Amino acid sequence: MNFSLEGRTYVVMGVANKRSIAWGIAQSLHNAGARLVFTYANERFEKPVRDLAATLDRDDSLFYECDVTSDEAIEQTFENIKNDVGVIHGLAHCIAFAKREELSGEFLNTSREGFALAQDISAFSLAAIARSAKDLMTEGGSILTLTYLGGERVVENYNVMGVAKASLDATMRYLANDLGKYGVRVNAISAGPIRTVSAKGVGDFNAILKEIEERSPLRKPVTKEEVGDTAYFLMSDLSRGVTGEIIHVDSGYNIMGY
Ligand code: NAD
């Protein structure tokens, strides 16, 4: 069995800055020997992503703009990646968005437009991306997305994003069934709260973090490096029998009752 990712290429979507969970995943995959392909939402993120990748100790990464609200952009991005690298062995989907005003107060007040937007960027994009990416996974592959407990249970203020994560979880399972016959596995990591730009948009995020410190079995918040190492497991042959699964990397918080 091969634990190394040397000679393999992985697409990491959603690095915005050094706090991004996607960056933790990129570092773990890089340390395991993988070549990385980064995609970013728009030109504003190009320099930060390139600057971060320049801190890695190999200079073999590739960069593409890909706004996942556009089918054409997704198709074109994977066409470009195919032309440049040929085969990919996995993909990390680390993308979500909801309007800030819908991440506090009551879910009841969610707007039709805000609901659709959160679903489109945070859940449907996984399906659209998987459709294009699978054609490049001719040697089999592993697709990974990032979800959160707020899709399984009610977490105050998470609201419309919780519903989008429930949809993402189901999307992941349906894709796992469709893509298994091509040797492509699809899984999710349910990360505990980590202070990122996206997380800061969730109302009273500090209270969610404090709860993890006080009540999770490990009594500490998780780090993006811990999520990254589980991503490495899911991208490697060690997890070859795992698909359609949600792995909680949350200091064990999800097992707790009251
Ligand atoms: P982040 O803000 O660093 O990353 C979110 C990324 O989504 C950014 O790079 C942003 O550019 C990208 N994005 C948004 N709209 C896009 C679009 N239209 N096209 C392409 N990219 C777009 O925050 P993060 O916390 O690292 O988030 C990564 C993933 O992890 C998200 O799915 C998030 O819901 C999930 N997650 C985060 C936490 C947490 O506490 N931080 C916990 C569990 C799950």
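Every residue, even glycine, has its Cβ placed from backbone N, Cα and C.
Bear in mind that TrEMBL entries carry predicted annotations, made automatically and left uncurated.
Straight from TrEMBL, the features:
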- Gly14, Ser20, Ile21, Asp67, Val68, Ile95, Lys165, Ile194, Arg195, Thr196, Val197, Ser198: NAD(+) binding site (BINDING)
- Ala98: substrate binding site (BINDING)
- Tyr148: active site, proton acceptor (ACT_SITE)
- Tyr158: active site, proton acceptor (ACT_SITE)
Around the C-beta of Tyr148 (active site, proton acceptor), how many further C-beta atoms are within 10 angstroms, looking at every protein chain?
27
My understanding is the cutoff is Cβ-Cβ under 8 Å with a sequence separation of 6 or more in the same chain; which residues meet that for Arg195 (NAD(+) binding site)?
Arg19, Phe205, Leu209
Which of the recorded positions Val68, Ala98, Tyr148, Lys165, Arg195, Val197 have a Cβ less than 6 Å from any atom of ligand 1?
Val68, Tyr148, Val197
List the Cα distance (Å, whole number) between Tyr148 (active site, proton acceptor) and Gly14 (NAD(+) binding site).
16
Return the member of Gly14, Ile21, Lys165 nearest to Ala98 (substrate binding site) in space, with distance defined Cα to Cα and candidates limited to these binding-site residues.
Lys165
What's the number of neighbouring CB atoms sitting within 10 A of the CB on Ala98 (substrate binding site)?
25
Which chain-mates of Val197 (NAD(+) binding site) that are at least 6 residues away have a CB under 8 A from its CB, listed by sequence?
Ala16, Asn17, Arg19, Ser20
